[in-house]
There are 2 protein chains.
Amino acid sequence: MKNSTLTAAFVAGSMAFGATAQADILDVHMNIPKDLTFLADSAKLMDETLRNMSGGDSGFQLYGAGELVPAGEILENVSSGAIPAGWSFLGQWGGQVPVAQIGATPFGAGPEALAAWLHVGGGLEIVQRGFDPLNIKIMACHVTNPEPGGWFNKEINSVEDFNGLKMRMSGVGARVLNEFGASAQYLPAGEIYLALERGRIDATEFSLPIIDKDLGFNQIAKYYYYPGWHQPGSADILMINMDVWNGMSETEQAMYEAACQVSLQWTLAYAPSAQIPQIEEFEAGGTIVKTFPDEVLAELRVVTERVLNAEAEKDPLYGEAYRSMKDFVASSGRWTALQTLPAE
Amino acid sequence: MKNSTLTAAFVAGSMAFGATAQADILDVHMNIPKDLTFLADSAKLMDETLRNMSGGDSGFQLYGAGELVPAGEILENVSSGAIPAGWSFLGQWGGQVPVAQIGATPFGAGPEALAAWLHVGGGLEIVQRGFDPLNIKIMACHVTNPEPGGWFNKEINSVEDFNGLKMRMSGVGARVLNEFGASAQYLPAGEIYLALERGRIDATEFSLPIIDKDLGFNQIAKYYYYPGWHQPGSADILMINMDVWNGMSETEQAMYEAACQVSLQWTLAYAPSAQIPQIEEFEAGGTIVKTFPDEVLAELRVVTERVLNAEAEKDPLYGEAYRSMKDFVASSGRWTALQTLPAE
């Protein structure tokens, strides 16, 4: 971060102007606890990569959710310049920046396809246009593997079982379930466990098994459902105030772009093999792993398409992103089919 | 590259000590023409990333196959220090360094899983141990998507059709086909077209459709077979003489590691969506796209296992790599299965 007035309020508490007096250390405010498994590890890896490449001249000072800025107010503070940078789920800003909903698309791009669309399919340029009016530069440095379909206290045998279901869920997935009579809504991470334990909700989804574990849902829910139709792949972003970004040298900007790809590649490479040992540990403790019946997924898909098409009509930029992403995924579909080896 | 005596022979022709007199520009000798689509583009991207991050102080001077060193002699020249660095298919060195055969495994890891195993699954450390005695540091900066099963002038309806087939193919895949009575063997890129046209071979595999196109195989072969059972994913490596690597500063080494990941991520992201338009162009010109019957693939798989197990017994380090890779792929198999959405 450039030593500008933008962050005067936080200078005292930051290492940026302490031990490493000449370093361009960027204050990065996260929407999650800064020690959260996997979701925060990519930001730490990007910090480490920047420091190693620059000899300590570039890097992050990470702040967890609420440490200095509430998780829900990161966007407006980066936009105004009150803080220089944030790190969050892209889809979190769908209310203020509709194109951000592309951060996770039910029945949409999986993790590799989402990363590819963003970086070689023109996706990031489209999404950036939604953040330009806010004076925010975005970088897509983290893509999460499909999240499980959720923790449930009852079996889901047909879409009728969603009727009356109280579930913690956000975004388009929540709107889809509500079309089937559910009452799905967002709850922050810290409130989910108690709500599920007290019976105020019947089900919840949160993140990958290795992350859900930290929140203890296996202690209070019996069924762990798959696949994660609502979030086959989801992108997190680094948001940098555009004046701060423009104040960086070209070499520093290039290091940011490269360090971002290092983190992205790690998130894609690390996640798949890390989940099954955790799922097996849940199972050993009594969790029952289930998959939604195909008919249920087929009906969810139909309603999802309708909801997404309505969103696409409401906001032209989101519509452009949605169509571009769908076309990109389709373009590799036949390739994947041709190259699939029969099971052993 | 450090201004050492290692490259004295090539100094005159290199830009390293010309226009950018203070730059650490590494002479990188490739096993392919330096303008070959995709396969050379990742090396160019790594060069560009290094230059952008270092302000031009680091980067590559690329030499294509045979420009200064024959493609088959890159390994020994990097090892001796006669040249500082090379860029090639990892599997190319399976004769001298058996563990290098892990660069592509029939019925083995696909591109994402191969990249993940190398970088987060401990794979690269195992392979590096095979190159340590040669005083060579390796980096895995490029993974190619599955190659098609090959161009054929006759249909393959059963494994009997391999009997007597003369095919251009290398590595384990060739040894497997030969068990079925084929005569499969390596031919350099420049000799394949003529051999196929003159009928000295009946079939060939080379690389991805966008690359095969440049070699014109569609003009002289009728059938384009899938899937690429012999090479589901293949890794290319940057090889650096260990003394040259150790002579770099820690920040330069960190830039190399990051730039390598940038290239790797690009190869994974770019390849899938780029192939189908090319396949469709072939089809419009009369090429018939076919898939091997499942029974043929099942029989190829059985023989492949036998051949690979024999290799694993012959060379303990290759055996370690092979088992490690198989375990890693298996660890994400159930995750992928749980998360697969039914087709639309």
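Including glycine, each Cβ sits where the backbone N, Cα and C put it.
No curator has checked TrEMBL annotations; they are predicted automatically.
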Where TrEMBL shows A:ARG168, A:GLU205, A:GLN231 binding substrate, which of A:GLU125, A:GLU147, A:GLU252, A:GLU257 is named for the same site?
A:GLU147
Name them in sequence order: residues not among A:GLU147, A:ARG168, A:GLU205, A:GLN231 whose Cβ is within 8 Å of the mean position of the Cβ atoms defining the substrate site.
A:PRO148, A:GLY149, A:GLY150, A:MET169, A:SER170, A:GLY173, A:THR204, A:PHE206, A:SER207, A:GLY228, A:HIS230
For A:ARG168 (substrate binding site), which residues of its chain lie six or more apart in sequence with Cβ-Cβ distance below 8 Å?
A:ALA184, A:GLN185, A:TYR186, A:LEU187, A:ILE192, A:ALA195, A:LEU196, A:ILE201, A:ALA203, A:THR204, A:GLU205, A:PHE206
Residues that sit under 8 angstroms from A:GLN231 (substrate binding site) by C-beta distance, when 6+ apart in the chain:
A:ALA104, A:PRO106, A:THR144, A:PRO146, A:GLU147, A:GLY171, A:GLY173, A:GLU205
According to DSSP, does A:GLU147 (substrate binding site) fall in a helix, a strand, or coil?
coil
